[in-house]
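Per TrEMBL, the features are as follows:
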- 82-100: transmembrane segment (TRANSMEM)
- 84-538: domain 'Major facilitator superfamily (MFS) profile' (DOMAIN)
- 120-142: transmembrane segment (TRANSMEM)
- 149-169: transmembrane segment (TRANSMEM)
- 212-236: transmembrane segment (TRANSMEM)
- 242-263: transmembrane segment (TRANSMEM)
- 275-294: transmembrane segment (TRANSMEM)
- 306-324: transmembrane segment (TRANSMEM)
- 378-397: transmembrane segment (TRANSMEM)
- 409-428: transmembrane segment (TRANSMEM)
- 434-460: transmembrane segment (TRANSMEM)
- 472-494: transmembrane segment (TRANSMEM)
- 514-534: transmembrane segment (TRANSMEM)
Amino acid sequence: MLSLSINSTLMTMHPRSLLNTPGDGSVTGQAAYAASSRLEEGKTFRHILDNHHHSQGNDASDTSNRGIQGIPSELSGFTGEIVFVLLCSMGLFLFGVFLGDVLVNQLILPRVLHINESNTPWLVGSFLLANGVAVIIAGPIADLSDPKLLMTLAFGWLVIWNIVGVFSLRPQVAVLFFVARAMQGLAVGVLQATSMSLLGRVYTPGIRKNRMFSLMSAMTPVGFFIGCLKGGALAAHLSWNFAANAILCSICTIASIWCIPSFKSTDSTTLSLKIFDILGALCAAGGCGLVIFGLTQGAPSGWSPYTYSLIIMGLLFFGLFYLAEQRATRPLIDNRLWTAPGFTPLAISYFLGYGAYIGGWMFLAVRFFLSIQSKPPILVALYLTPNLISGIAATWIVSRTLHIFPGHWILAIGMLAFTMGPIFFLPQTPNTTYWALSMPGIFLVTFGPDMTFAAASIFITSSVPKSFQGSAGSLLITVQNISAAIVTAIADTIGERVRSGRSGYDLDLMSLRVIWWFSLGLSVLGAVVCVGFVRIPRAEEKEHVG
């Protein structure tokens, strides 16, 4: 830092003191010049030392003398920062865990609970429905309150309902299982939104924020792998899945109490829960809940009229949400985000790519291993090991390049990665070896969610003020939930049509292939939209939007 100050001082010295020497060559002139130089030199170095001494007390927040933001002043140090970021990443991590430990056991759970095949989608749907409703409301609440309290309560809520889940795996109380799953989704939604608010407040746009958001984005595929591995290992003792989750969430509850700093609202004189947009929150949550419920129940019920009615009602609620936001004193989402250059094509591109990945490939890839290739759950979990490896690799790449290359390049590469899943699974047969197609396909496709979430979340949270960070993050996660629900519903409908109304809910290989073609088409369309219309500048060190 001292050398940087010296260089800065030399660059700002008067040009004559650097270039003009006595032209007459006289001793008097040289002596005068030397004396003047020594005097200026003494003043300069006193100024340097004063600045250097002052910079020591502001090292964490000084961005003028360093390339990236220092450790935020709200955190105790580097170790505290790591624990803080890991706790904030637990929302996405647990989202993946709670999906993985159920998906890998999707053929076992219906037999244990004695439920009809038409109710099978609700093994995941109950979780996603509650998650979608919670995340919309939790983001704005976190922005207007102390998010530490929300996060601690969410972890504690998970402890309670995972303990309840231990006793829900019996046919007599099958409904309790779905309630426990919904409560998991509710708490995870709060964690996801609150984490975005916390990270968005603590880190200003720049390289350090890129790295922390990139680390967080890796947690969904990593969590999914851990969840599948845990679920596969405990397939014969399903209640221990909930017990293990309860233990993990207990640790997180204690850690959040000690390691997450308390944050008051960014402007206590104007921001409080008194100005929370209750009408807008109810309309948004109602719309999201009705749409996801109608889509989840659509294919299993043969698209009965009531499912159409639910979806239409959900869309009407979204219309009411739009009207409510126009009149709100403080809308849930900062209106500047809607008009930010490139936001609309980014949202469309992300919607298509993420929906194709979750609803059109990932769920069905697990089903392919279980039902078509008849692999045991633990082996299916091990098949997903590339998720862990490529998730970490993608995180490292994004954190090192987002400030070098424009963000839409990162997003476009992620969109192309989404196509790798269907491409490598379309030629598969019941006897195809894992190493030939499945392994490279799983490895490459995982770059998609990591790279796109990192690029999209950094762009969105950097486009709104500090007081809207949780709301902006909630919007991104809502896009994920709705896209997954819509594409899953369409995929299930396609599968049923291909099977020509044959009884049973399981999809055969032909159905899976048709769905994967559909997923591939969506991924390509998302990539085209991204390349053609999305423009995200390189990340720069700057302050939050005012």
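Glycine too: its Cβ is placed from the backbone N, Cα and C atoms.
TrEMBL labels come from automatic prediction, so no person has curated them.
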| Do the transmembrane segment (212-236) and the transmembrane segment (434-460) share at least 3 Cβ pairs closer than 8 Å, excluding pairs fewer than 6 residues apart in sequence? | yes
| query | Taking residues 6+ outside the transmembrane segment (120-142), which of them lie with a CB under 8 Å of any CB in it? | reply | 95, 98-99, 102-103, 106, 109-110, 150, 178-179, 181-190, 192-194, 196-198, 273, 276-277, 281, 284-285, 288-289, 292-293, 296-297, 299-300, 332, 363, 470-475, 477-478, 481-482, 484-485, 488, 492, 505
| List, by number or range, the same-chain residues at least 6 past the transmembrane segment (82-100) whose CB is under 8 A from its CB atoms? | 75, 124, 127, 131, 151, 155, 158, 181, 184-185, 188, 191-195, 198-199, 202, 212, 215-217, 219-231, 245, 248-249, 252, 255-256, 259-261, 381, 384
| request: State, in range form, which of 149-169, 242-263, 275-294, 434-460, 472-494 has the highest count of Cβ pairs under 8 Å to the transmembrane segment (378-397). | output: 434-460
| task | Go through 242-263, 275-294, 434-460, 472-494 and flag the stretch with the largest number of C-beta pairs under 8 Å relative to the transmembrane segment (306-324). | result | 275-294
| request: Sort out the residues at least 6 away from either end of the transmembrane segment (275-294), same chain, that have Cβ-Cβ distances under 8 Å to it, and list them. | output: 125, 128-129, 132-133, 136-137, 140-141, 144, 307-311, 313-318, 320-321, 324-325, 328-332, 478, 481-482, 485
| query | Any chance the transmembrane segment (242-263) and the transmembrane segment (149-169) have 3 or more Cβ pairs under 8 A, given the pairs are 6 or more apart in sequence? | reply | yes
